[in-house]
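*Asks:* Structure incoming, see below.
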Amino acid sequence: MSVKMGSSSTSVIQAQKLVDQLRVEATMERFKISLTATDLVRYCQEHKRSDPLITGIAASSNPFKDKKSCVLL
Amino acid sequence: MGEMEQLRKEADNLKDQITAARKAMQDTTLQEAAASINVVGRVQLKTRKTLRGHLAKIYAMHWSTDSKLCVSASQDGKLIVWDSITTNKVNAIPLKSSWVMTCAYAPSGNLVACGGLDNMCSIYNLKGKDGNVKVMRELAAHTGYLSCCRFLSDSEIITSSGDCTCVLWDIETGTQKTIFAGHQGDCMSLAVSPDFKFFISGACDFTAKLWDIREGTCRQTFGGHENLSRINYILDLCKLYDLRADQELITYQDSSIMCGVTSLAPSLSGRLLLAGYDDFNVNIWDTLKAERVGVLAGHDNRVSCIGVSSDGMACCTGSWDSFLKIWN
């Protein structure tokens, strides 16, 4: 088998693989954005209150904040 | 030649089918769905800790699931495990190859991994009997650099490589369980789904692929099916893709930002998207409204990596300035 023939049959195999993959991707079940975007918004809203970077963290419960050395008596 | 022409035609037809199927899902936009909610208030995070110790650029960092320890990799040839609260170095692991590009912490906290231009993924046991951290396994088979790695468990890890493939490894035997082939360019990063069933890979072929880990198959491809009929200027952007609608929902861009994004991390609720940039800053985006709501400025060089801890309490940034910073 000449090199030229070898490389063209490899291209055919690769092209066939691409077509097979595209066929798999083409047949997936897709959902409307009205559904998916609403779910996304709802998820973020529901979890917003327990997201420390949004709600902020009280100094007393922030393990990364250095505790002050003075204490109010 | 007839066969190639036929296959090319079939591929084009399928690409058009996919484009049409995606268009059919566009009954609204994320902007419209989020129209009734307000932009998140300004997010102002402060540097709480600076982790000093690396002597060269930091290329990667990964939080442990305990939200306290984290591992970083630098081209000074070291992996450092930090206690982010005390800033103590729990382990300083010298690497055989200093050209490290990625690191990962196993969910159990027992192992860390790293790799880079040595084309290998080295696994280190942090909990060895005599207290010394040693190489447990060297996973070698990739024919290109190791760009990213993520543990599924103490016995399995997924790697992405410049050889255009991703691999699922059996750490015990050091063998490849599954090879995920399909990308036409260097694989640069990967992220595993919270249920460990899927992972997404990003590559230099301008696409991101969703893979089914157990089946070994690619389920979806983002960003690459459009038939380009003219040359597009490619900007460095941040985009949000919806897996179920199988398409892009929104782009995070601002006319004042002229540089590339290096790294991304969502906050715990997903409402904030923290992105590291080449201009030494981190921009914080409201994920739903695509508006910038904060900036983290403090590094003296490119922010190369970013991560939010599992409990959402802190964000860690790693930079070419050799420092890691903890923010909240």
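Every residue, even glycine, has its Cβ placed from backbone N, Cα and C.
Annotations for this protein, taken from TrEMBL, read as follows:
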| type | residues | note |
| --- | --- | --- |
| COILED | B:4-31 | coiled coil |
| REPEAT | B:51-92 | repeat 'WD' |
| REPEAT | B:139-179 | repeat 'WD' |
| REPEAT | B:180-221 | repeat 'WD' |
| REPEAT | B:296-328 | repeat 'WD' |
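Mind mapping these onto the model and telling me what they sit next to?
*Replies:* Counting residues 6+ beyond its ends, the repeat 'WD' (B:51-92) has Cβ neighbours under 8 Å at 98-105, 107-109, 112, 114, 116, 124, 126, 133, 301, 304-311, 313-314, 316-326 in the same chain.
Residues 101-108, 110-111, 113-123, 185-192, 196, 199, 201, 203, 211, 213, 216 of the same chain, all 6+ positions outside the repeat 'WD' (B:139-179), place their C-beta atoms under 8 angstroms from a C-beta of that stretch.
Remote same-chain residues near the repeat 'WD' (B:180-221) are listed as 144-145, 147-150, 152-153, 158-168, 234, 241, 243, 246 (criterion: CB distance under 8 Å, separation of at least six residues from the stretch ends).
Note: the repeat 'WD' (B:296-328) comprises 0 helix, 17 strand, 16 coil (DSSP; helix = H, G, I, strand = E, B).
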*Asks:* Kindly report the helix/strand/coil residue split of the repeat 'WD' (B:51-92) according to DSSP, in that order.
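*Replies:* Helix, strand and coil residues of the repeat 'WD' (B:51-92) number 0 helix, 23 strand, 19 coil.
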*Asks:* Return the average pLDDT for the repeat 'WD' (B:296-328) as a whole number.
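*Replies:* Average per-residue pLDDT within the repeat 'WD' (B:296-328): 97.
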*Asks:* Go ahead and report the DSSP secondary structure tallies for the repeat 'WD' (B:139-179): helix first, then strand, then coil.
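*Replies:* Going by DSSP assignments, the repeat 'WD' (B:139-179) contains 0 helix, 25 strand, 16 coil.
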